[in-house]
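Engineer: Please see the structure below; I have some questions.
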Amino acid sequence: MMGENSSAYTTLADNQLYNQFSPSRRKADLIASTSATSSPNLRKSPNRGFSSPRAQQKPITIFDQIVSWFHSEIDVRKKLASFVCGAAVALSFIVTVSILKLSIWAPFSSVQDSLTWWLYPTSWPVTLFIWLSSVAWTFLIIHQFCTVTQVPRIPITDTYAWAGAALEFVHRLIFVYTAFTVSESSFFEDFAWIAIAFSVAISSALVIFRSDFHLNFSNVQVNSFKTLIDFAKSLPYGSLAETSGVDAAIAYTAAMALTVFGSPLLWGFSAWWLLINIQFHLVLFGVCFAQQFFAKIFMKIVNQIVMKPMKFPFPPPYTVHSPTPDQIRTLPNVIETDDPLLKMFALHDLRTVAWEDEKRRVDVFSLSQPGKHPRNWKAVSMPCTRMLDELCSRMTVSAARLVGYSWDDHDVENEEVPRDALMMPRKMREMTYRGAGQSRQQKTIAPIRSNNTQTVGFLAKITRNLGLGKTERLVISRFDAQQNAYAAEAVYMLVVDSMGEDRFGVVQKDLKDLITLLCKLIAAIDTYERAKASVADKSDVTYLRLVDASLKSCLQRVVTTFGSHLRSLELADEHIRTIKLVCAEEI
């Protein structure tokens, strides 16, 4: 595993351990400490604290160096995404002005003007201004909201989200104002501009609070002009247009309500003439629809540029005493970092190795020299199995809490969660434990939910959808679900590949433990699903089911590959039953 290079992997704890087992080093430190405390100049006084640069500075580990390098790379990608999105906004500005210049009263001259206006040098400064302002806007939005741990919808109580909505409103208002000025539109007059500005404000809030700013890997990676065309073809234009139309209709309805009810007070009854102005309706809805549609395309572009997969090499089989920065950024080191985005890149790369990269799988199944230890396999498999084991523990605790089992009074070493209590409906469970004595009831029944989600009223549902209500606590978030799915698909696909590629048997030694962990996790998720159904809980389990589907697919592949060879592992009866239920075949 990593850590065989003492010069590169030394931290503060390693120094202390080295001092403990090194007599010469301990003696030198003892002499230095004695002289420091006996010197009058360095003696600590009650009014002055003793400090030294060595004591104040936190040691920089290789993980800090890797994270620092990764953040610099991501910052470059975010800047590139900002420039590309700014160019897309400038292009949409040209299209918007061209459409606004069209007129049914002068069809030929207006068509010629709409197609050639942007070719004149006098129009270039305006387009450049739109591009630069859009670059600044997209850069701030990407840095503030686009994260790998972002929730599907930002809560409406988030103050930073409101600041982002205000920034979006100012940016879009400048866009519309400049487009109307260049096209010499007549909508600056009367109440039309107020209605359009109000619709832009509503649409800007919808862009921030109803858009998903989650960073995720794209299915099609753009590496050439052909892949760019494939990426453009892969975009779900139908669903994007549908969701954009719904959000644009909300902003359009709000602007029309202001025109009907607010215009007599603000402008007079003459503003009602806008209600029969077809061009006004088309422009109003078109402005909102264009804003919503670009917000959807915006995240596609950001994910394509920022979330471009990275390849991390494996360390060589021999020990490198003075590794270069490139030799430090190995996959075993990267996968151990605490940065969420970097870990997601590492797990995605490990999954790519397991599924597609046969050349790099040779490094996974290789042995270190000297010693012949499966260093790479242990380094990449242990973080994944540790992650899956933590998920198994969380699912067990969550299932116990759903049925009212107090985990605080549970002896982990001598007891197990009563399975009959997990499968029993709530009313029958309460009747059973009510007559079993006060002590048993206190030990077993300790519900954590005071309200039933079936009794949620209509108003509470509306506030929850708007983000005002109390959000339901998920057992597993989208980020955790994606991480666990990548970890499972990577490790267990490597197990499948080891059947024909593992020449040294580095995976076969851990095969029983890996299959046992997989069966335990599938059973824990099934137990939670049954407990959730027994208490009529309405919490969202979409992400949990994605993990469950990945786990069952992994188990199916492992059983299909090894078949009858699994009998020699002597698995427990409960794990054999899980395999029969999931794979529907005997082993």
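Counting begins at 1 with the first residue displayed.
A Cβ is built for glycine as well, from the same backbone N, Cα and C atoms used for every other residue.
Summarising the annotation, Swiss-Prot assigns region 'Disordered' to 32-55. The feature topological domain 'Cytoplasmic' is assigned by Swiss-Prot to 1-79, 143-161, 209-255, 303-587, with sequence analysis given as support. The topological domain 'Perinuclear space' feature in Swiss-Prot is assigned to 101-121, 183-187, 277-281. Look at Swiss-Prot and you will find 80-100, 122-142, 162-182, 188-208, 256-276, 282-302 tagged as transmembrane segment, backed by sequence analysis.
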Engineer: Looking only at the topological domain 'Perinuclear space' (101-121), what are its DSSP counts of helix, strand and coil residues?
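Structural biologist: Final tally across the stretch: 14 helix, 0 strand, 7 coil.
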Engineer: So what's near the topological domain 'Cytoplasmic' (143-161) in sequence-distant terms, Cβ-Cβ under 8 Å and 6+ beyond its ends?
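Structural biologist: Sequence-distant neighbours of the topological domain 'Cytoplasmic' (143-161): 78, 208-210, 212-216, 299, 302, 306, 340-341, 344, 466-468, 471, 477-479.
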Engineer: Using a Cβ cut-off of under 8 Å, list the residues of the same chain at least 6 residues beyond the topological domain 'Perinuclear space' (277-281) that approach it.
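Structural biologist: The answer is 187, 192, 195.
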Engineer: Restricting to the same chain and to residues at least six past its boundaries, which positions have a Cβ under 8 Å from a Cβ of the topological domain 'Perinuclear space' (101-121)?
Structural biologist: 94, 127, 182-184
Engineer: Let's see if you can do this one: DSSP helix, strand and coil counts over the topological domain 'Perinuclear space' (277-281), in that order.
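Structural biologist: Secondary-structure composition of the topological domain 'Perinuclear space' (277-281): 4 helix, 0 strand, 1 coil.
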Engineer: If we skip the immediate neighbours and take only residues 6+ beyond the ends of the topological domain 'Perinuclear space' (183-187), which ones have a Cβ under 8 Å from one of its Cβ atoms?
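Structural biologist: Sequence-remote neighbours of the topological domain 'Perinuclear space' (183-187) are 97, 100-101, 193, 196, 280, 283.
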Engineer: Average pLDDT across the topological domain 'Cytoplasmic' (1-79)?
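Structural biologist: The average pLDDT of the model in the topological domain 'Cytoplasmic' (1-79) works out to 56.
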